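Okay, so here's the structure we're looking at.
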Amino acid sequence: KASAVHGIAPREYIQRISINIKMPEMNKREGYYRPPTMQPDHPTGEIAKSISSALDNIYQGCQSEKGCFGLPDNCVSEKNCDFLMTYTKSPSEGGYRIEIAGDVDGSSGYVAGALSMDESMGDDSVMICRTENGITDVLMAWNPGKSNDILEDSKLGISNEATSFMDGRIYCSFVRDVETNIMGNDFNLDTDKYNLMVAAGGVGSGNSIGYHTVGRSVSAGEQISLGSFASVAGKDDSARTLHACFMVVAWVFAASAGMLMARYFKKTWRGSKYRNIDQWFHWHRFLMGLTWLLTMVGFVLIVVDLKGLSQIPFSDNPHVVFGFLSTAFCFIQPFMALLRCSPVDPMRPLFNWLHWFAGNSAHIMGIVAIFYGLKLWKAAYGASLLLFIFVVSHCFVHIVLTIGEWFINSKAEQISNNIPMQDEHGSQTPLNFVDKGEDAPGGTFRKAMLAFYIVVNFSITLALIIMISG
């Protein structure tokens, strides 16, 4: 696989790696050495082996000789972080030695560490380890809010860099000055305390990086000093996890099953009505009510946790837009149902189509939002594959039931044009409808397909919840 290594080697490997570079020139105005912009070279196998060893040993000394903070939670003790930031004071180098490492999808991307005054993104000093177009580099940036701007002087306060990108894993080691002034804000690593952030994502356009669509973690509790090597815990992410789980249960399981019941089971279980209301309507109402409740609770959870709507740019990930539209359509559905007119009212066909449109729009946008939402989790590929299997099985069951319904109706010489509009697309048949108490032909077939659908759907939903929670 392709690899690129350049920069100044970490001090523990200085005798093992020899890389020819230009001596840095003094920046007289700023009063520090600015390393030159490095182009990727073609390292020998021994150099690549040395850098690989540095990555393998990155956890050595964590919480005793250096501070370590990574994603997911508890990954430092288990030595399996997807993204990691380490820091230790290095008086001989005149600052703090910082390492940033993590997995990058494809040939470009970034892992970043940041120093923040709180647990929210905004007014943060960001150190970016980025690989793009075959060049791996360290850049200084600033978060003015929910966005990121690389500094005009992208090497402000950093020196002694060593960078590599091998086998999909990026690594940067550098020294940051004890004192820096960034966008009018003073940062003193000796005296000040910070919340730490690590994040990863794709390379953005222009003088910025993309939103952290791959992952993000913020240190929780008291702010820490970079001179301390105490264990750093990540911010409680339970609200985000519950949001994801609630939305999966709502749209993958409850809404899908509830809409299936309304579409194909109005002529099933006619002999077992409850309070003179068809069984399909009881299940439809319960499942769609569950969908509404989980969606509203999930929406409130994430808004409270983020202190507002997420500001992920649509071009980076449209999860927020699709999720918001799905929630809006879902919210109005029960109120539309309360306003439904009589089955014989001339406006009933309009109500039926509006109810059908809002429900299907909410469902489709909900599934699309989940697809994009899974990209914000590290287990995105496996979870997305499961969701794709759900979509295939969902469409398969609908196609089979539609064909079966057509075949059975044709065989029984039933004329579909005689079925009222509300029976085809409405939310329910008349609640006080009285019939002979017999199921329409094909009841066993429909029940078998429903059993298959519920088993597959429930299994996929459970697997997605496990992956998200894990």
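Positions of Cβ are set from backbone N, Cα and C atoms, glycine also.
Among the features that TrEMBL reports, domain 'DOMON' is placed at 81-201.
TrEMBL lists 205-408 with the feature domain 'Cytochrome b561'.
As annotated by TrEMBL, transmembrane segment applies to 246-265 (among others). Nonlocal intrachain contacts for the transmembrane segment (246-265), taken as residues 6+ away from its ends with a CB within less than 8 angstroms of a stretch CB, comprise 279-281, 283-284, 286-288, 290-291, 294-295, 297-298, 301, 323, 326, 359-360, 362-363, 366-367, 369-370, 373, 387, 390, 394, 397-398, 401, 405, 427-428, 446, 450, 453-454, 457-458, 460-461, 464-465, 468.
Within the chain, the transmembrane segment (286-304) has long-range Cβ neighbours (under 8 A, six or more residues past its boundaries) at 239-240, 242-244, 246-247, 249-251, 254-255, 257-259, 261, 310, 323, 326-327, 330-331, 333-334, 359, 366. Sequence annotations record features per position, and here TrEMBL assigns transmembrane segment to 286-304 (among others).
According to TrEMBL, the feature transmembrane segment maps to 320-341 (among others).
Taken from TrEMBL, the feature transmembrane segment covers 353-374 (among others).
Residues or ranges marked as transmembrane segment in TrEMBL: 380-401 (among others).
Among residues of the same chain six or more beyond the transmembrane segment (450-469), those with a C-beta under 8 A of the stretch's C-beta atoms are 241, 244-245, 248-249, 252-253, 256-257, 260-261, 265, 377, 379, 382-383, 386-387, 389-390, 393-394, 397. Residues or ranges marked as transmembrane segment in TrEMBL: 450-469 (among others).
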